[in-house]
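One structure below.
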Amino acid sequence: MLPILLLCFLLPSSHAADFCVADLMGSLTPSGYQCKVESAVTTDDFVFTGLGVVGNTSNIIKAAVTPAFAAQFPGVNGLGISAARLDLAAGGVIPLHTHPAASELLVVTKGIIVAGFISSANTVYYMTLHKGETMVFPQGLLHFQVNGGGTPAVAIVSFSSPSPGLQITSFALFANNLPSALVEKVTFLDDAEVKKLKKVLGGTG
Ligand SMILES: *[C@@H]1O[C@H](CO)[C@@H](O)[C@H](O)[C@H]1NC(C)=O
């Protein structure tokens with residue numbers, strides 16, 4: 001009898017936490033989301049169906065990013081991984097951007113994509129990629145993807161963080177209220193170009 005009683009006490013605490021499914025009621029912190037209580041975790045937390053859905057490319061960049069980060073895919077929280085789908089219509093571009101928290105692995109699944117990154121030494125590494133071809137973008141570095149053909153292109157990307165972050169350079173410069181005079185100073189661009197880009201991207205000042 002005693003050994004069975006002992007087992008009952010020991011079993012619940014004898015397994016380590018296998019996962020930390022995001023509790024999306026809480027907020028995202030640098031160390032991720034808090035864990036959902038295990039009794040509330042379901043298979044759905046570990047499944048994301050959005051990467052099979054064509055993104056809406058009717059926008060200024062003629063492209064769409066469908067993230068499967070912890071915020072959309074709670075099961076990846078705490079696991080050091082996530083994914084996304086890129087759709088690039090003909091003429092589409094994912095503008096120069098960085099993921100501060102993750103390296104990225106891109107696999108072209110349809111069409112042709114010109115992809116590249118710029119190192120801290122300002123060396124450019126870029127390549128025209130076809131279906132099945134893969135490129136990696138090291139953590140934090142500026143990179144881009146451009147449709148290299150006349151037909152829609154698709155890529156599946158994976159990240160070395162459940163919350164890679166995303167900062168698009170042109171939006172950081174021209175889609176906010178940083179005064180034009182300062183933007184001109186920090187970029188060496190002329191006033192006309194800065195005002196034009198602010199207008200296109202929704203910036204003020
Ligand atoms: C795609 O996005 C555009 C612009 O937001 C919108 O007008 C259009 O209805 C969307 N199309 C679909 C199929 O959701």
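Cβ atoms are placed via backbone N, Cα and C, with glycine included.
Those TrEMBL annotations? Automatic predictions, nothing curated.
What TrEMBL lists as signal peptide is 1-16.
Residues annotated as disulfide bond in TrEMBL: C20-C35. DSSP assigns C20 (disulfide bond) to coil in the three-state reduction, outside any helix or strand.
The feature domain 'Cupin type-1' is assigned by TrEMBL to 49-195.
The annotation Mn(2+) binding site is assigned in TrEMBL to H97, H99, E104, H143. Counting only residues at least six positions away in the same chain, the Cβ atoms of V136, F137, H143, V157, S158, F159, S160, P164 sit under 8 Å from the Cβ of E104 (Mn(2+) binding site).
According to DSSP, E104 (Mn(2+) binding site) is assigned to a strand segment. The oxalate binding site annotation in TrEMBL covers H99, E104.
Other than H97, H99, E104, H143, the residues of this chain whose Cβ falls within 8 Å of the Cβ centroid of the Mn(2+) site are, in sequence order, T98, A102, F117, F137, L141, L142, P164, L166. Listed binding-site residues: H97, H143. The one with the lowest count of other Cβ atoms within 10 Å of its Cβ is H97.
Reduced to three states, the DSSP call for H97 (Mn(2+) binding site) is strand. Least crowded of the disulfide-bonded residues (C20, C35), judged by neighbouring Cβ atoms within 10 Å of its own Cβ: C35.
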